[in-house]
Amino acid sequence: MIKIETVLDILKKDGLFREIIDQGHYHYNYSKVIFDSISYDSRKVTEDTLFFAKGAAFKKEYLLSAITQGLAWYVAEKDYEVDIPVIIVNDIKKAMSLIAMEFYGNPQEKLKLLAFTGTKGKTTATYFAYNILSQGHRPAMLSTMNTTLDGETFFKSALTTPESIDLFDMMNQAVQNDRTHLIMEVSSQAYLVHRVYGLTFDVGVFLNITPDHIGPIEHPSFEDYFYHKRLLMENSRAVIINSDMDHFSVLKEQVEDQDHDFYGSQFDNQIENSKAFSFSATGKLAGDYDIQLIGNFNQENAVAAGLACLRLGASLEDIKKGIAATRVPGRMEVLTQKNGAKVFIDYAHNGDSLKKLINVVETHQTGKIALVLGSTGNKGESRRKDFGLLLNQHPEIQVFLTADDPNYEDPMAIADEISSYINHPVEKIADRQEAIKAAMAITNHELDAVIIAGKGADCYQIIQGKKESYPGDTAVAENYL
């Protein structure tokens, strides 16, 4: 529960409060109202709910519907002129985050918080950190792939970073479940729409940056995308940064007065003797490590997670055991066909991650390579050109273009857009299962490989705005082994 006096104090302190409007009368103070719940979903309200009217798609009808269920108060950036009082604020999403924090008892103060950001690798690094901290502590984890608040039950997340009310609710559940740490992914969108507003992390990790999530409903430019990624650094007590990433110099300047560790070729924390399933580290993590996830970028993610966990109480032994134990569904999963050919299933869904995936596979597999790939509809449109230009440089790869969450677009039109940048023949098969079957049929022996990119462990296709059931790339590939 939360008193209205507390709500108003929080909003005023942060410069978010404008006024209360009740039946046309303006108020600066108010008392004798207590809220037993908070919500941004108009279908989940009672007479004791404080409701947040948020989002570009919010309609007055939602509010009127909530009032028929007994709703008596709401927060908004404007007066919707309905028959209940409104708390007017300058920024509804900032207000929601601060009120949620207080409503759930400030759970962020009772947990050690670790956050990862980057264009790619967030989920893998989060899994490494979870497995490392599980050796000697009781972590909770919020990830794109899986969320656990008790260390035993896992469920799929709807967003990379949950809405603030859901986030602080989950943190509170983690506290109730006697968790000691919380590891989470923080997207640029989370800062763009203030899902983590007011939250300070104990350690923030910046893995890498490449142009992505640039489009009409995401970030208008790379500058905007990079700026919102960097906000994690100024909202973390200590930071870990990949010194080999693009634009590292500006990050180095930004964090010079903070506790920090840099890893990569320019600093002490480096990777040596990199092999498929092992590597050595220098610097703070000096030693030899076993790893199940193939690829140098996964070793970089492991080092980033290790450095972060070292600051949060993990021992070097914990770090070695945790890295060795880590597997991630849909992230560099490897299957073997009856003819010995390898099938690599990975979430790689932008030009840079696909480039790294191809390089890793071609390092270990020197025969025929087939690639199954699509690009999402109605978002990340810049990826299509990136994919096409990349694949134009790889005439040795037999490309099968197919559907990958086409949404309201025609998957074959997306395939045509990708192939317009490719000067050699490609196959186009709308049905993803058929595309996988066709790609796997071209292999003959153990040096051949099939790369199935984009969906990872997702068991759905987004079509016409809805998640339609799909067996998942791993299950489909297993049918044709």
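Cβ atoms are placed via backbone N, Cα and C, with glycine included.
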Candidate ranges 380-383, 392-395, 404-407 [criterion: Swiss-Prot lists as motif 'L-lysine recognition motif']: 404-407
K229 (N6-carboxylysine) and G118 (ATP binding site), distance between Cα atoms, whole Å: 7
PLDDT averaged over the residues of the motif 'L-lysine recognition motif' (404-407): 97
C-alpha spacing of K229 (N6-carboxylysine) relative to K120 (ATP binding site), in angstrom: 12
Neighbourhood of K122 (ATP binding site) by C-beta distance under 8 A, where only residues 6 or more apart in the same chain count: F116, S143, T144, T160, E185, V186, S187, L207
Cβ-centroid neighbours of ATP site G118, T119, K120, G121, K122, T123, T124, 8 Å, sequence order: F116, A125, E185, L207, N208, N301
Inter-residue Cα distance where the pair is K229 (N6-carboxylysine) and T123 (ATP binding site), in Å: 16
Number of helical, extended and coil residues in the motif 'L-lysine recognition motif' (404-407), per DSSP: 0 helix, 1 strand, 3 coil
K229 (N6-carboxylysine) CB neighbourhood, other CB atoms within 10 A: 24
